[in-house]
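Reading through the structure tokens given below for one structure.
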Amino acid sequence: MAHHAQRGEGRVDSIFAAATPPGRGGVAVIRLSGPEARAIAGRLTGALPPPRQAQLRAFRDPAGGEVLDRGIVLLFPAPASYTGEDVVELQGHGGPAVVRSLLDALRRAGGRLAQPGEFTERAFLNGRMDLSQAEGVAALIEADSEAARRAAMRSVEGAFGQRVAELGAALADRRARLEAGLDFPDEEEPAEAGQAALADDLDRLREQLGEIRARAGAGWRLSQGQRVALVGPPNAGKSSLLNALTESEAAIVAATPGTTRDVIRETARVAGQALELLDTAGLRPAAEQEEVEREGARRARASAEGADALLLVVEEGAAPGPEAEEMALSRPERPVLLIRNKIDRSGRPPGLGEEPLGGRPVTAAAVSAHTGAGLEAVREWLEASLQAAAGAEEPWAARERHLEALADAEQALGEARRLAGDGEALEDLVADALRRAQQRLGAITGAVSSEDLLDRIFSSFCIGK
Ligand code: GDP
């Protein structure tokens, strides 16, 4: 889809779009960018104010002169603007008809309605930001949670792209030395020394790549929303709890053991965090289960395996059972909350405590899904645990394509390392693997990019950004 007509062609047209979302609001912002931005805006506003100074103007129909709206005009001259081009911002009243009339007037004044992401694409093409920063902008706009916002800001500020670029430069440097034959200068120098040094260098580079992958991976997981699995024996009250926590009726609540046979996914918001609650099939010993229930239990285990936190639900006073215990302890670093439900029956007060589970101390909460007692503590525990889990690694907002590029680079570097360890001087092959790794890293920052890639990236943005 070659909708970015200006790329690679001589003439650059001037684009405009509403930067504020459709609907009603106090103010609507419309932006123009391009070589004709000043002239086009001037046809509505008359003389533009000095750079970066807000002034009130009438916004007039360029044909008839009718005053369409009255508002603020701002001029950001090239090259120190968001796009690197002349940018003019009109701030009018935030009504749908106002915005429509202004957009129509700008079109008649010679502008073209921007495609999704076209402002940011221009910023990239004009060297105002690298690709990872541009994608960070999209992530920032999509961020729902505090943790996702922080990860996106790190990418927008360039931390991700910079580290990737540094590693790419280090790879290029290492390759240049290899190709110049500096590692194996002549017959006198023992080849083993050169090879050992190469192997060491490759190990160090792989370590750096590993850290980048970990942070990008964490950022990607954040953008997907963290997953919380509700697990426990049948009738413990998992479905009721899910309903109480999400205040909806998505799960079937029934008193017959084994009713919840499939995994029900429900997204809940806890303090801005998107949580996916997995109401999983009850976990009874396999021998007691019917076939369909066994299938449910299998899916439950698979779902819980990938969850970022576990809520292990039991009836107050009941033992969780070995199956649930094992699941809870399968990943020791993952937060587990043992929920003791139905305290309305015993009259026990709600609250948090600590209990051993399979030899490991875990937080336990006394709650009632029916009365809602203790659920606030569950929400608070979830919020704290998930933020700690996501924030610990200082993640960078990243997309699937970044993770793929990093995985490819890792594979190429691994291959280089194997060749270097083979004890033969396979400089050409090592250099080739380094070049491949370097190229894949270049795709992240946009040092290496294609029209196709840019179209795919920017068409996923919203219009006006
Ligand atoms: P699941 O099989 O773990 O999903 O359990 P359900 O949510 O279907 O609940 C099983 C039974 O326990 C139902 O009859 C619920 O009404 C009941 N139940 C769930 N939570 C509570 C609670 O907090 N107090 C009481 N008294 N009963 C509950």
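Each Cβ is built from the backbone N, Cα and C atoms, and glycine gets one as well.
Note that this is a predicted model, so its numbers are computed, not measured.
Lys465 ((6S)-5-formyl-5,6,7,8-tetrahydrofolate binding site) falls within neither a helix nor a strand when secondary structure is assigned with DSSP, and so counts as coil. According to TrEMBL, the feature (6S)-5-formyl-5,6,7,8-tetrahydrofolate binding site maps to Arg31, Glu89, Arg128, Lys465.
The GTP binding site annotation in TrEMBL covers 235-240, 254-260, 279-282. Other C-beta atoms found within 10 angstroms of the C-beta of Lys238 (GTP binding site) number 31, with every protein chain shown included. When secondary structure is read from DSSP and collapsed to three states, Lys238 (GTP binding site) falls in the helix class.
Residue environment of Ser239 (Mg(2+) binding site) contains 24 other Cβ atoms, counted within 10 Å of its Cβ in all protein chains. Marked as Mg(2+) binding site by TrEMBL: Ser239, Thr260.
Per TrEMBL, domain 'GTP-binding protein TrmE N-terminal' is recorded for 15-128.
The domain 'MnmE helical' feature in TrEMBL is assigned to 131-462.
What TrEMBL lists as domain 'G' is 227-342. This prediction places the mean pLDDT of the domain 'G' (227-342) at 74.
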Handout entry: Tally of residues which DSSP labels helix, strand or coil - the domain 'GTP-binding protein TrmE N-terminal' (15-128)
Key = 30 helix, 39 strand, 45 coil
Exercise for the section: Tell me which binding-site residues (Arg31, Glu89, Arg128, Asn235, Lys238, Ser239) have a Cβ under 6 A from ligand 1; sequence order is fine. Expected result: Asn235, Lys238, Ser239
Practice task
Select the most exposed residue of Arg31, Arg128, Lys465, where exposure means the fewest other Cβ atoms within 10 Å, treating these as the binding-site residues.
Solution key: Arg128
Fill in the blank from the handout: In whole Å, the longest Cα-Cα distance within the recorded (6S)-5-formyl-5,6,7,8-tetrahydrofolate binders Arg31, Glu89, Arg128, Lys465 is 18
Practice task
Using all protein chains in view, find how many other C-beta atoms are within 10 Å of the C-beta of Asn235 (GTP binding site).
Solution key: 21
Handout entry: Neighbour tally for Glu89 ((6S)-5-formyl-5,6,7,8-tetrahydrofolate binding site), based on other Cβ positions within 10 Å of its Cβ
Key = 21
Fill in the blank from the handout: Candidates Arg31, Glu89, Arg128, Lys465 (binding-site residues); nearest Cα to Lys238 (GTP binding site) turns out to be Lys465
